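Below: one structure, written as structure tokens.
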Amino acid sequence: MAHPSQLGFQDAASPIMEELLHFHDHALMAVFLISTLVLYIITTMMTTKLTNTNAMDAQEIEMVWTVMPAIILIVIALPSLRILYLMDEISDPHLTVKAIGHQWYWTYEFTNYEDLVFDSYMLPTQDLSPGQLRLLEVDNRMVIPMESPIRMLISAEDVLHSWTVPSMGVKTDAIPGRLNQTTFIASRPGVFYGQCSEICGANHSFMPIVVEATSLNFFQKWSSSMLES
């Protein structure tokens, strides 16, 4: 999860998020180079007497400042399109989970199981145990097996919500009457936090998301205990 005074993104917990981090660094370098060049040109224009009037009619300059931006846009667009296609690719998911947004909690339905359905509410501050995170902990975590393709079906019951887990690289709107779809793979075990990223009402900031990635054996034990309870 994010830490105080953290400047960068959260550590990636899925292959898609790793690709997004690489693309962010790639695009940021292009922006840095463009900003440096523009700053240099502005400084030169303010500190140098313009004595060469022929530069105003040079066709070479016209070609350079037309072709260079086009090349930069292509260099940025191609990796972006690749990641967009990767994010939309859903191939043979091992588990399908349906997340339904309510005011203000989440309901999870594990469609591979017949009766595995539960609500996930934020834990009040007075009920937190030592080491738990305020405004981020829930009473029922969404447990998934790691290194398995997970398909998320996301919708809402009342108003617009957004199911977001930054370290997984997942952010999908939950819209009433519409079923959105996304996929991710947890590349390592751990507990990953997110929140609703849509302004959905007075308690918008009090419907956290907690995804716990575990081994397959632990997931099977957890699912069996949830079905029995």
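Each residue, glycine too, has its Cβ placed from N, Cα and C.
Annotated domain 'Cytochrome oxidase subunit II transmembrane region profile' per TrEMBL: 1-91, in sequence order.
Nonlocal intrachain contacts for the transmembrane segment (26-43), taken as residues 6+ away from its ends with a CB within less than 8 angstroms of a stretch CB, comprise 72, 75-76, 79-80. Annotated transmembrane segment per TrEMBL: 26-43 (among others), in sequence order.
Residues 16, 19-20, 22-23, 26-27, 30, 34 of the same chain sit 6 or more residues outside the transmembrane segment (63-85) yet have a Cβ under 8 Å from a Cβ within it. What TrEMBL records for 63-85 (among others) is transmembrane segment.
Residues annotated as domain 'Cytochrome oxidase subunit II copper A binding' in TrEMBL: 92-225.
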